[in-house]
Structure formats: structure tokens, C-alpha cells
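Participant: For reference, TrEMBL lists these features for the protein:
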type     : residues  : note
TRANSMEM : B:12-34   : transmembrane segment
TRANSMEM : B:46-68   : transmembrane segment
TRANSMEM : B:88-107  : transmembrane segment
TRANSMEM : B:127-147 : transmembrane segment
TRANSMEM : B:152-171 : transmembrane segment
TRANSMEM : B:191-212 : transmembrane segment
TRANSMEM : B:224-244 : transmembrane segment
TRANSMEM : B:273-297 : transmembrane segment
TRANSMEM : B:309-330 : transmembrane segment
TRANSMEM : B:336-356 : transmembrane segment
Amino acid sequence: MNKWRFIILSVCIITLAGCAETKILERISITTLIGYDLEDNDKVSTTAVIRQVNPEFESKVDTISAENYTSKGTRAKINLKTSKKIMAGQLRVVLLGDELVKNDIGPTLESLSKDPDISSSISLAVVEGKAKPLIEHKYENIKDIGQHIYMLLEQNVEREHSISSTLHEVSRVYYSPLSDLILPVLKKKDDLVEISGIAFFNDAKMVGQLPSSDGFFVKISRDNYKSGILEIIINANGLASQSDQNLPDEVPISIDAIKTVRKLKLIDSSDLEFDLNIKIKGRILELHPDVNVGNPRLVKELEKAIDKKITSEISRVIAYSQEINADVYGFGEHYRSHVRNSKLTSEKWHEIYPKIKVNVQVDFETIRSGVFE
Amino acid sequence: MKNTLEISPKDMINAFLLFFVITTCQTGVGIQGFQRLIYADAKHDAWISVILAGLSSHIIVFFMIKTLELYGSNDLYGIHQDLFGKHLGNLLNFIYILYCSVAFFLILENYIEVISTWVFPRLNPKFISISLLLLVIYTFLGGLRVIVGVSFFSFLLGLWLLPVLIFPLKFSNIEYLLPILDTDIISILKGAQSMTFTIIGFEIINIIYPFVKEKDKVKRHVHLGLLVTSFIYLTVMLITLTYFSGEQLAKTIWATLSLFSIIRLPFIERIEFITICFWLIIILPNLCFYLWAAYRGSIRLFNVSSKKFVWIFSTIIFIFSLFVQTRIQINTYTTYLSKVAFILVFIYPVVLYILALMKKKFSGKYGEKNE
């Protein structure tokens with residue numbers, strides 16, 4: 001009796017397992033990259049990079065696009081154009097045309113978060129102009145644009161050259177009423193795709209953009225920073241007094257292996273004054289040959305000059321964000337978490353934000369300066 | 001007092017197994033998405049609600065065990081019959097059986113809902129419910145010792161899920177927890193009440209008590225089990241609160257599953273699909289124990305064999321599951337159940353203890369007079 005029960009049960013388990021939905025690799029096409037654009041008639045146009053695995057040939061990469069009123073509606077239309085059903089489980093990157101993000105990013109984020117097929121670790125990025133031409137262009141050296149853009153973003157986020165923009169991080173900021181989001185901006189340059197800048201949002205709309213070179217300053221004012229490289233031009237007036245050689249007025253300097261610790265403090269809750277204290281440790285990689293880094297007094301002057309430069313740069317990017325009213329640094333969130341019963345709303349905070357005062361203080365410390373002095 | 005249950009030693013279980021029974025009965029479908037319910041009331045102080053709910057479960061279990069100790073070796077159904085007489089007692093027994101059945105049904109429906117939403121959107125729910133019911137029937141027919149064994153393995157096999165939650169910590173922002181106690185006390189208590197559906201399960205002690213060999217060790221193991229589940233809930237809640245921003249959490253239906261969705265391992269890209277399927281092992285003891293509790297009550301009302309009972313029960317559950325199809329229905333019923341469970345699990349045991357104590361005193365006096 002027990003034996004028979006066991007046999008029947010195992011037969012059921014083995015045979016019924018195949019009754020669930022099957023997704024056979026040869027019969028599906030895998031989407032790796034999707035681009036959304038806003039069209040003139042309020043429709044969304046979707047361009048998808050699709051990888052198909054054929055038993056005979058090696059896998060083939062295609063792009064297909066379609067227009068409809070909802071982004072999922074375009075998926076149905078795209079399905080009409082392929083012989084294999086489209087699956088989004090391997091989606092890695094979603095690109096958003098800048099007209100779409102200047103209008104409203106909300107519906108796109110919501111539709112992406114709703115879909116259980118889509119992981120919350122996919123990356124988002126804004127495209128300067130439209131996403132469609134960037135995806136559809138036949139690049140000379142890029143075989144699979146989907147994989148290429150994914151690697152491009154991933155590599156730069158890992159090295160901290162670009163801001164991390166996973167769906168989770170983006171929607172977390174988007175749904176938090178007191179902070180605004182930033183996204184990396186991609187641009188097609190002849191036969192290359194490059195990360196050209198950072199898009200600033202006010203609530204759901206993109207309101208401004210800074211070049212990629214300011215990314216470092218934006219990043220260290222938002223969070224702690226663990227690697228990366230920075231090139232700045234410092235004022236050499238202070239150095240001249242310590243150095244026997246003649247120095248030019250401005251000296252370019254390159255720093256890497258950077259570690260920063262960011263501390264934000266609300267010092268006056270009625271006047272809204274914040275202290276932003278950033279400690280940076282780094283290695284001087286490249287410097288004018290006449291600056292002798294073996295001289296401790298000179299290094300001190302050098303650090304002072306670097307402090308001054310970075311402070312002014314950070315103040316500039318913060319002032320820019322206040323000008324376009326996009327609190328991407330988390331001042332609002334900090335205020336809410338440190339003032340009891342603040343009852344702040346998004347509108348109220350955005351009224352206040354341009355008026356807040358931020359005292360930036362940077363403390364740079366040279367850890368070492370390479371193998372050659 | 002009279003009216004004790006005679007159970008042969010070979011059907012009994014060791015007291016330390018109660019630890020696994022309690023933990024696995026408490027964790028189930030609730031933990032997949034309890035965060036947003038509590039967040040809705042207590043906002044970012046939801047973790048305080050979790051602590052309060054855990055504390056109150058300890059207090060209630062204290063009363064439950066006290067009541068059971070008054071009777072030596074009997075279960076809730078026997079206590080009802082003794083305290084309220086045959087008719088009223090059986091009515092209360094019937095209500096409790098109904099409660100166990102509805103809890104069984106809603107655990108099943110909630111799990112099917114998760115499977116349908118995340119993994120197999122086009123699979124027929126009937127198919128899932130039949131296969132789950134068959135599995136439960138198979139386990140149930142093995143008897144109590146098999147069910148306890150399942151809960152033991154369910155606990156051990158489910159342990160790997162906790163360290164996986166370290167990955168989302170990378171995204172945690174401690175500022176989301178501040179300022180502490182920003183929400184007023186009433187809302188925090190309300191949040192604790194919203195924990196009901198998630199935290200219930202420990203009331204199984206009412207039924208399983210006569211089956212335990214070493215009655216003096218019951219307290220220790222049950223309270224240890226409660227402590228561990230409270231700790232698990234608190235950890236999950238803290239990770240969730242720092243991982244999601246407020247409004248985002250309010251919109252996330254199964255926050256625990258969404259936590260898994262950010263993890264990308266080199267050999268498994270989407271770990272949440274594995275955890276969801278794995279959840280079957282976590283809810284299996286839940287289902288079996290509610291079924292068993294309903295069975296223990298039913299044999300007091302009718303003369304029914306366990307085989308007959310389980311088939312009739314499963315058929316009724318299956319028929320009802322045909323009528324519940326949408327998320328909104330499941331949500332509404334779950335809310336009703338958690339309201340009923342709050343009265344039945346968190347308030348009623350205290351009342352029962354007072355009544356049992358009074359009865360003991362009175363009957364003692366009468367006994368003296370009669371002699």
C-alpha cells in the first residue's frame with residue numbers, strides 16, 4: 001500500500017512538472033535593452049534589442065520598434081513582428097528618451113516596477129535626444145548594443161565614474177517625496193556611445209543636466225565614495241611661497257584611489273542651515289614636476305589648495321541644484337529624519353529648498369604619492 | 001480536573017520539538033508582505049510595532065499554557081466542553097474549527113496568489129491548489145509525528161533564506177528609521193494589531209499540548225520559539241524599512257520578495273523565483289497544523305476517521321477556492337480573518353483563563369460540601 005502510494009506520487013511529481021509554463025530557449029526571444037520615447041501624438045514608442053538563439057546558427061541580435069499608448073501595449077505590438085515570443089526576464093537596461101523624462105518619468109517607473117519579470121536591479125539611463133536612433137544605429141565595432149550599454153554602465157558604476165541607477169534606487173528616490181533623482185545621460189557620438197552627463201529631476205520631470213566631469217562632485221556630496229579618479233586644476237599661488245621653483249598660476253593635478261566620508265549635519269532647523277563635511281583621502285597620481293611632494297610644508301599647502309578647489313566645485317553643483325530646484329543630495333530626507341513632526345510635503349520642501357544654506361567643508365589628505373617623488 | 005485526554009506514548013512528541021512547531025507555524029505567507037500593512041499604520045516606526053506584537057504573543061502564550069496546566073492533559077476543545085457544558089462548548093469548538101479551516105484556506109489562497117503573480121501568471125490556480133492539497137493530505141495521513149517532522153525540516157531547510165537578506169543591506173539607508181517614535185503611540189499599537197495575521201500560529205499549543213511528553217518543559221521551548229520568530233520578523237522589518245523609501249514600501253505588495261529581487265548571483269540571476277517556490281516548504285507545516293487542529297476538534301463533534309475527514313475537508317476547501325479568484329477578494333477575507341484572529345488568539349485566551357480559574361475555585365468548594 002505504502003509502496004504504491006509512493007510510486008503514484010513520484011509519477012505525478014515527474015510528469016506534472018512539465019505541465020507548468022515552459023519557456024524553451026529556442027522558441028523565445030530575449031530582450032536585453034529597451035528604449036522608450038515619447039512621440040508627438042502622446043504615444044510611447046518602444047525600441048527593443050532582441051537576442052534570438054537559433055539551434056543552427058549562433059545567436060542573432062535584432063532591434064524592433066513599435067508605438068502604442070502604454071508601454072506594455074507596445075510589447076504586444078512588438079510580438080506581432082517576431083516569430084518568437086518576447087521575454088523580458090533578461091532585461092538589463094532601460095533607456096529613456098529625453099522628451100519622455102522631460103514630460104513625466106512616473107508611468108514608466110510604475111510599469112517597470114509592476115512587472116514581476118523585470119528585476120529591480122536593471123539600470124536606467126536617459127538618452128540625449130531620442131533612444132531609438134541610438135539603439136538602431138549600426139555601430140562599426142559594437143555587435144550587441146544591448147550588452148554593450150549594460151557593460152558600459154556597469155563598468156563605470158563599479159569604478160564609481162558614473163552614478164548607480166538601478167530600478168530600485170531610482171524608484172526609491174522617486175517615491176520619497178523629499179528627494180529628487182538623478183540618472184546618467186547617454187549620448188551617441190559617431191560610432192560610439194558615451195556617458196555624457198547627469199540628468200537632474202524635479203519630482204517626475206527632468207529639469208537640468210550637468211556634464212559627466214561634475215559627476216565626482218555630485219557623487220561625493222550624496223554618499224560615501226570608494227574608488228575613482230579625479231582631475232582638477234588648482235590655484236598655485238599658495239604653493240609658490242613654499243617652492244623654490246617658478247610655478248605657473250594654475251597647476252593641474254590628478255588624484256586616484258579616493259575614499260570619501262560624507263557627514264551631513266543640520267545646524268539650524270529654523271534657518272535651514274546645513275553643514276556638509278567631506279573627508280577625502282587619496283593618492284596624488286600626477287602633478288607638475290616642479291612641485292616637490294617630498295616637502296611636508298608644501299604638501300600642506302597643496303592639500304589646502306585642493307580643499308579650496310573641491311569646496312568651490314561642490315558649492316557650485318549644489319547651487320545649480322538649488323537653482324533648478326532638484327534636491328538630489330538628500331537634504332530634505334535628512335531634515336525629515338532629524339526634525340520631529342516636520343510634516344514636510346513635497347511642495348513645501350521644494351518651496352524651501354532653493355533657500356537653504358549649505359556650508360561645505362572639505363578636508364583632503366594625501367595618503368601617498370606613487371613610487372616616485 | 002476530570003476529562004483528560006489519554007494519548008498513547010507512541011503518539012507523543014518530545015518537548016523540544018515544540019520550538020520547531022511554533023516557529024514554523026508562525027512564519028508562513030504573512031512574512032512575504034506584512035511590512036506594508038504595518039507601515040500603513042505605524043510609518044517608519046513599524047519596527048516598534050513588531051516588537052510590541054512579539055511581546056504580546058509571549059504574554060498570551062503565558063496565559064494559554066497556564067490554562068492548559070489547570071487541566072493537566074487536555075486540549076482547548078476538551079476545556080470548552082468542560083467549562084461551558086456540552087452544547088455551548090461544542091458551539092465554541094465549532095467556531096474554533098471554522099477559524100482553523102478559514103486560516104488554512106487563506107494561507108493556501110495567499111500562496112497561490114503569489115505563485116500566480118510572480119512565477120506562473122498563466123497557470124490555472126486550480127492546478128496549484130489541487131497539487132498543494134494532495135501534498136497536504138499525504139503529509140496529514142502520516143499522523144502528528146510526521147507533521148512535526150515536516151515542521152522540523154521546514155525550519156532547518158528554510159534557514160538559508162536569512163543570510164541571503166544581507167545582500168539588500170548594501171542599499172540600506174539608516175536615515176529612513178529616524179526620528180524614532182515620530183508616530184504617535186496609538187498608531188504604533190494599531191500597527192502591532194495589523195501584525196495579527198502574520199504572527200498567529202502559536203495558538204496550535206492549545207491543541208498540541210496533550211501530545212507533549214515532558215509537560216514541564218513546554219514553557220521553555222514555546223517561549224524560545226516565539227522569541228526566534230519575533231527576532232526574524234524584527235530583522236526583516238528593519239532591513240525592509242531601511243531598504244525602501246516610505247511611499248515605495250506602501251506600494252510594494254510583497255516587500256520581502258522584492259528584497260530578494262535585487263540580488264544577482266553569478267550562477268542564479270533571479271533568486272526570488274527560487275525563494276517563492278521554496279516557500280512551499282515553509283507553508284507546508286502551517287497548512288498541516290491547521291488541518292490537524294480542525295481534525296482534532298471535529299472528532300469531538302462527529303464520529304469521523306482521519307482519512308474520511310481529510311478528503312471531505314480538502315474537497316470543501318477546493319470548492320471554495322473556485323470562488324475566490326481576485327486579489328481584492330483574498331485581501332478582504334484576510335483582513336476579516338485577522339480581525340477574528342485578534343479576538344480569538346489575543347483576547348479570548350485571557351478570558352478563558354479567568355473562567356477556568358473561577359470554575360476551579362467554585363467546583364473545589366462544591367466538592368467539599370458534598371463530601
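Here the Cβ of each residue, glycine as well, is placed from N, Cα and C on the backbone.
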Participant: Answer with yes or no whether the transmembrane segment (B:46-68) touches the transmembrane segment (B:127-147) by the criterion of at least three Cβ pairs under 8 A, sequence separation 6 or more.
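Facilitator: With fewer than 3 qualifying Cβ pairs, these stretches do not touch.
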Participant: Do the transmembrane segment (B:224-244) and the transmembrane segment (B:191-212) come close, with at least three CB pairs under 8 A (pairs 6 or more apart in sequence)?
Facilitator: yes
Participant: Any chance the transmembrane segment (B:12-34) and the transmembrane segment (B:152-171) have 3 or more Cβ pairs under 8 A, given the pairs are 6 or more apart in sequence?
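Facilitator: Checked: the transmembrane segment (B:12-34) vs the transmembrane segment (B:152-171), in contact.
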Participant: Taking contact to mean three or more C-beta pairs under 8 angstroms, with sequence separation of 6 or more, is the transmembrane segment (B:309-330) in contact with the transmembrane segment (B:336-356)?
Facilitator: no
Participant: Can you tell me which of B:152-171, B:191-212, B:273-297, B:336-356 gets the most C-beta pairs within less than 8 Å of the transmembrane segment (B:46-68)?
Facilitator: B:191-212
Participant: Going through B:191-212, B:273-297, B:336-356 one by one, which has the most CB pairs that fall under 8 Å from the transmembrane segment (B:152-171)?
Facilitator: B:273-297
Participant: Going along the chain, which residues at least six beyond the ends of the transmembrane segment (B:273-297) come within the CB cut-off of under 8 Å?
Facilitator: 21, 24-25, 27-29, 32, 75, 77, 93-94, 96-97, 100-101, 103-104, 107-108, 111, 114-115, 118-119, 132, 135-136, 139-140, 144, 147, 150-151, 153-154, 157-158, 161, 164, 201, 204, 207-208, 257, 260, 306, 309-310, 313
